[in-house]
Amino acid sequence: MDINNNDLVKYLIDIINPFIIVFGFYVIIYGDISPGGGFQGGAILASVFILQYISKAIDEIGMEGLQVLEKTFYLLIIVVPIISLFTRNIILTNFLDPSAGYARAYLIIMNILIGMKVCLGITVIFYEFVLIERRWFK
């Protein structure tokens, strides 16, 4: 069996990516009770996209879709805290009832939104650098 280094890298990255994804979401979801959170977990999740690019050298990158998703998550990060103005008459606070045991749910929601925004932001920045480099060295 003839395996070159490139095939080995692709194979190993395909094996470790699911573990990186699970770890990234773990850091995001448990960020309110342990070290980590949305930013750190988002950076971990962005490494999956970067590893995919390194292993497979993706030629077509859907930058427009990634940027729209990033802006959508940014908008949600702004809108979700404002919901509390309509549910509890207080702005920028937990819109869920904390006395019913939903205090952590709000933090988890915000961590997920921040994590996805950071993941997409770092991915877009990385791909922009890649596209600039391709144009520069053509």
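Cβ atoms are placed via backbone N, Cα and C, with glycine included.
These numbers come from a predicted model, not from an experiment.
Per TrEMBL, domain 'Na+/H+ antiporter MnhB subunit-related protein' is recorded for 9-123. DSSP states for the domain 'Na+/H+ antiporter MnhB subunit-related protein' (9-123), grouped as helix (H, G, I), strand (E, B) and coil, give 89 helix, 0 strand, 26 coil.
What TrEMBL records for 12-31 (among others) is transmembrane segment.
Beyond its flanks by at least six residues, the transmembrane segment (37-54) meets 9, 13, 16-17, 20-21, 23-29, 31, 110-123, 126-127, 130 of its own chain at Cβ-Cβ distances under 8 Å. Residues or ranges marked as transmembrane segment in TrEMBL: 37-54 (among others).
The annotation transmembrane segment is assigned in TrEMBL to 74-96 (among others).
Feature annotation from TrEMBL assigns transmembrane segment to 108-132 (among others).
Distant neighbours of the transmembrane segment (12-31): 37-38, 40-42, 44-45, 47-48, 51-52, 54-55, 107-108, 111-112, 114-115, 119; these residues of the same chain sit at least 6 beyond its ends, with a Cβ under 8 Å from one of its Cβ atoms. Within the model, the domain 'Na+/H+ antiporter MnhB subunit-related protein' (9-123) shows a mean pLDDT value of 90, rounded to a whole number.
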